Amino acid sequence: MELLTAAEMSAAERTDIEAGRVTGAELMARAGAGTVDAVLAKWPDLAAGAHRAVVLCGPGNNGGDGFVVARLLAARGWTIDLYLLGRADALPPDARANHDLWRERGEVRALEDAAIAPPAVDGEVLWIDALFGTGLSRPFTLSAVARQLGAAARDPETRVVAIDMPSGWCSDSGRWLGDAAPEARTAADLTVTFHRRKAGHILSDGPTACGQLARVDIGLEAATAPGARPARLVEPDTLAAVSKRPGHKYDHGHALVLTGGAGRTGAARLSARAALRIGAGLVTLGVPGAAQLEVAMHETAVMLRRVDDAEALDTALEDPRLNSLCLGPGLGSERAHALVPAALASGRATVLDADALTAFADAPDRLFSKLHARCVLTPHMGEFARLFPDIAEDLKRTPESGPAASRIDAARAASVRCGAVVLLKGADTVIAAPDGRVLVNAAVYERSVPWLATAGAGDTLAGLIAGLLARGIAPLEAAGTGAWLHVECARRFGPGLIAEDLCGMLPGVLRELGV
Ligand SMILES: NC(=O)C1=CN([C@@H]2O[C@H](COP(=O)(O)OP(=O)(O)OC[C@H]3O[C@@H](n4cnc5c(N)ncnc54)[C@H](OP(=O)(O)O)[C@@H]3O)[C@@H](O)[C@H]2O)[C@@H](O)CC1
Ligand SMILES: [K+]
């Protein structure tokens, strides 16, 4: 399923409206009705009886959705206090029409930047944040209102529903515009979005701000504009096929994972086991002489080959069956400098992680000039910033206008620059290919696995990807599938996970996938 930007969403809307399939007014009516349905689905206690809501409407179509929600709740017998930011006569047409319908029934008060005292009621007030959605173009300046919505969302007794996006958060990037303190930012218990999830629901702080996410179908047929290439979420039905065809072990590829020196082989061993578990036919650890005994004592199914230097790697790579390489985990800077160029010169599908990336921090272009389209770089944000400092800077700088630079933009720009697949790790792992395709593996909301932030987890991910590459899966799909399986293994194990536990979860995860 696509993850859209604001521009891609409005292109989808335009495509269907221009084709005469739907009108803006119909979309707004469905968005409002869908929001009410999502609220009642989340809180069934609100379905019966009359309750009270404070609805905050903004100056655009997000506000228009708010008027629809107010009208539908009032029709259910609710008491509504509705506030509008800006002038009714400046509302865009569909929002204006819904404002007028609301006026037949209720009051509109002017929203000012002061805390709103909800009228005393028996029971609670439901807050509806319909101030800004995908049209947020500059920082949210009603700081008292933002503070109040944030506090209400954090208060377990009070419910806040954000329409499309908690106002003030950029729906492309999941970043807050401007530099308000965390407690002066809006938040929600439930965010209801339309058609497709927006990238900002998944990226950066978006999930924390949104609380829980509900997606409502509003009958748009076009995913986005024809020819657009939005990011896609990695989901079970989009995984690269991981089931094995019957055949000899050599039909499933042979991965070579290079280790560091004595006492530093653990990371590469984790990678090698992951590559084997995900189904590479054979996996060999390339070990310097001094570490041979150490590795031999630990590994049984993984093979071992002495690789002291670039020359030895060249010799090893004379075997055409070695079709995937993994360099970086525990490799050490010296070995990285020696082995990475030789590995890349071979043209093999290659995963570069950890030391294989940081070794080139002083002169990233020296690395980039050797990369090719079958390489996958797997940096975390720190490693990414060393290789792509200017791109990382765009993500660090406080955004003053919307839409803000996102992690999708960053990974895409990095991939185009270096000519390889770039997997930027995080709870929102973004994987970009040089041709502009982007996958996002979301470990947020119900897939959140904070315990996956543990030593060696990244080494396992690198190995999973190397194993999938060995099996002939294309780099972008191998990286996306590896990242998805990695999170699934962590979910299956649960808290208390250490990196050694991940691979043991893989058979169960694969079984559940029907592999
Ligand atoms: N697309 C679709 O298919 C559908 C869209 N739908 C709904 O429409 C929403 C998008 O509507 P939208 O484009 O009118 O944008 P919206 O978020 O209401 O804000 C724009 C207004 O806010 C203003 N403004 C911005 N920032 C500001 C600030 N900090 N402080 C003050 N003002 C600020 C901005 O001013 P401007 O930048 O023009 O000066 C403009 O006036 C979308 O999220 C969804 O809820 C649904 O009905 C279903 C179908
Ligand atoms: K909103």
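Think of each number as a place in line: the chain as shown, counted from 1.
Quick reminder: no glycine exception, Cβ is built from N, Cα and C everywhere.
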Can you find which of D94, D100, D129, D205 TrEMBL lists as binding K(+) at the same site as N62, S167?
D129
Record-annotated AMP site (TrEMBL): member among G458, G463, G467 besides K425, G426, A427, D428, T429:
G458
Of the binding-site residues K425, G426, D428, T429, G458, which one has its Cα closest to the Cα of N61 ((6S)-NADPHX binding site)?
D428
Between the Cα atoms of K425 (AMP binding site) and H380 ((6S)-NADPHX binding site), what distance do you get, rounded to the nearest Å?
5
Looking only at DSSP and grouping its letters into three states, which state does S137 ((6S)-NADPHX binding site) belong to?
coil
Please name which of the binding-site residues listed here, N62, D129, G426, T429, G458, is nearest in space to S137 ((6S)-NADPHX binding site), Cα against Cα.
N62
Please list residues from the chain of A427 (AMP binding site) whose Cβ is under 8 angstroms from its Cβ, counting only those at least six apart in sequence.
P207, A442, A443, V444, S448, P450
